[in-house]
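**Student:** Let me begin by handing over the structure; questions about it come next.
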Amino acid sequence: MSGTNKKHAKKKLKTTKSGLVKLPKDAYESELKRLQAELVEMQQWVVKTGARVVIIMEGRDAAGKGSAIKRITQYLNPRTCRVEALPAPTSRESGQWYFQRYVEKLPTAGEIVIFDRSWYNRAGVERVMGFCTTQEYRRFLHQAPIFERLLVEDGIMLRKYWFSVSDDEQIRRFKSRQKDPLRQWKLSPMDLQSITRWEDYSRAKDEMFIHTDIPSAPWYTVESEDKKRSRINVISHILNTIPWESVEKNVPKVPDRPDSAASYQRPPRTQFRYVPDAAAALLDGVIKDGDANNPGAGHSFDPGAEDRAGGKKHKKAKHGKKGKKSS
């Protein structure tokens, strides 16, 4: 048994109400960091090869889709990885082919697109809440597999994930959001409808799977009672099912700064507007008049000090050291 596993064995592991063992924080953070490094490598492969990746994240409200997406994209280059969370269709979009507004969001070569909810809104919330007609709903179930086959045939790598959570855990997360000022915005009247319409959503999900779980674009269910486990599992699945490989990295070399020609003199700081040092107030009562390890810790920044000292020109210092430059 490894040292890490022995450490976990000595701890009393937490479980969910359903008896699922929750992932220990240290094991989770270590594995997440490793997987995120692989995601960065995968993105480099996508860019270099011109691959196109579409990842669909679906599931019940509060199932953990958003938090999983955050961990996936945390270190990825936003220039070639987008998250799309489309609002309700406009009147113009409502008059178009249903899939049209999603087609516009599909990736170009070398790009990853993650849909935080997708065209499957029609099979879920629109069906349950009566936002579409029965005819529109049936047409969607017929056209979705055709649409997705076309995407895959054209070379798009499509992954579809359904985040599954129990009714008890969903309510617990709703109540947690209700009490948290930072997350209250995530709780809407529409979300709460999912409590009283739980079985309606279950039937809609089952019907959706029957019609749209096809060999070329299958559904994968992510057990999400424990969010940490679900994040590790979905990221691992993405990395294991997309046929990426490490590519040669072309990391730019940071050059040495050239010697100053002593021809530039910075204007007085009084000519600029500086953001007030609000952070200095956090030191009050914590550090008084500095300390032995950090003599300047207890002092706030004085933007005029440099100018009062003479506003000297930047010159190469003795022993090969250069003065710092800022702007």
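Every residue, even glycine, has its Cβ placed from backbone N, Cα and C.
Quick paste from TrEMBL:
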COMPBIAS  250-259  compositional bias 'Basic and acidic residues'
COMPBIAS  311-327  compositional bias 'Basic residues'
DOMAIN    23-248  domain 'Polyphosphate kinase-2-related'
REGION    250-271  region 'Disordered'
REGION    286-327  region 'Disordered'
**Student:** In the predicted model, what is the mean pLDDT computed over the domain 'Polyphosphate kinase-2-related' (23-248)?
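**Tutor:** 97, rounded to a whole number.
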**Student:** Residue counts in helix (H, G, I), strand (E, B) and coil for the compositional bias 'Basic and acidic residues' (250-259), per DSSP?
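**Tutor:** Output for the compositional bias 'Basic and acidic residues' (250-259) reads 0 helix, 0 strand, 10 coil.
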